[in-house]
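K.L.:
Could you have a look at this structure, given as C-alpha cells, before my questions?
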Amino acid sequence: MSNGGLCCGSGPVSPTDDTDDILFVGLQGSGKTLLGQRLRTVYGKAPTTFRLVTTETNGSQDFRIPTFKGCPFKEIRIRECGGSMQPLWRNWYSRPIKAVVFTLDVSDPAALAAGGVELQRVLQHPELSSKPICLALTKVDLPFTATRAELDLALGLCDLQELYPSRLRIMAISSVRSPEECPELEALVDWMIEIKAGDQTVLSAKKN
Ligand SMILES: Nc1nc2c(ncn2[C@@H]2O[C@H](COP(=O)(O)OP(=O)(O)OP(=O)(O)O)[C@@H](O)[C@H]2O)c(=O)[nH]1
Ligand SMILES: [Mg+2]
C-alpha cells in the first residue's frame with residue numbers, strides 16, 4: 001500500500017518542511033488513513049483493488065489528493081497525524097495549513113465522549129481560531145452508529161454549528177463506500193479545494 005511519505009520512527013516527531021494544505025486529526029482508529037486513501041479516488045484513478053486494510057499511523061503521513069480537470073492546482077496535500085500522537089498534534093497547528101479535518105468514529109460509543117473533548121480542543125485552539133474545521137463523522141456504513149440526534153445530545157453538535165456557523169462543517173462519511181455510493185466524499189474534496197483556492201467560484205470550472 002502506498003501512503004505517500006511516511007514520517008515516523010523513534011526520534012521526536014516534528015512537522016516536516018513540506019507545505020501541507022489540510023491537517024487530519026482524530027482519535028486512534030477513527031478513520032483518517034482510510035479516508036485519505038479513499039479521497040484519492042474521488043478525482044483520481046481508482047485502483048482496481050482498493051484495500052480496506054490500514055495500519056496504525058505512528059507519527060504522521062501525507063496524502064496527495066488529485067483535483068478535477070480544470071482546477072488551478074493539481075493536488076491537495078493532506079497531513080495525517082496519528083491518534084497515538086495526540087499530545088503532539090498541536091505541533092502542526094502553527095504550520096501554514098489552511099484547514100483541519102477532525103474524524104469522529106460514530107460507530108464507537110465508547111470513544112464518542114473522548115472524541116468530543118478533542119474536537120472542542122481543536123475548535124478552541126488559538127492557533128486554529130481562523131481556520132475552517134470539518135467534522136467528518138466516519139464509518140456511517142456500519143449498522144450501529146450514533147444518530148445525528150444522539151450526537152447533538154451527547155456532543156452538542158447543533159450548539160457548535162450555531163457557535164461556528166461559517167467555520168464548522170459537518171459531513172457523514174463512509175470510506176468503505178465508493179465516491180458514487182457516498183457523495184459526501186466528493187463534497188469533502190470540493191470543500192478542501194475551495195479552501196485551498198480561497199475562492200468559492202473555483203468549483204464552477206468542474207461543470208465546464
Ligand atoms: N466500516 C468502516 N470501517 C472504516 C471506515 N474508515 C476506517 N475504517 C476502518 O477502521 C480501522 C481504523 O481506520 P484508520 O483509517 O486506520 O484509522 P486512523 O484514524 O488512521 O487511526 P490511527 O492511524 O491509529 O490514528 C481500519 O480497520 C479501517 O479499515 C469506514 O468508513 N467504514
Ligand atoms: Mg492512520
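Numbering starts at 1 and runs along the chain as it is shown here.
Just so you know, glycine gets a Cβ as well, placed from its N, Cα and C.
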K.L.:
Which of these, GLY82, GLY83, GLY116, GLY156, does TrEMBL list as part of the GTP site with GLY26, LEU27, GLN28, GLY29, SER30, GLY31, LYS32, THR33?
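P.N.:
Site partner of GLY26, LEU27, GLN28, GLY29, SER30, GLY31, LYS32, THR33 for GTP, according to TrEMBL: GLY83.
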K.L.:
Counting Cβ atoms within 10 Å across all protein chains shown, which of the binding-site residues GLY26, GLY83 comes out on top?
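P.N.:
Within the set of binding-site residues, the most crowded position is GLY26.
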K.L.:
Round to the nearest Å and give the CA-to-CA distance linking GLY83 (GTP binding site) with SER60 (Mg(2+) binding site).
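P.N.:
Checking the Cα atoms of GLY83 (GTP binding site) and SER60 (Mg(2+) binding site) gives a distance of 9 Å.
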K.L.:
Would you count the other CB atoms within 10 A of the CB of SER60 (Mg(2+) binding site), including those on all shown protein chains?
P.N.:
26
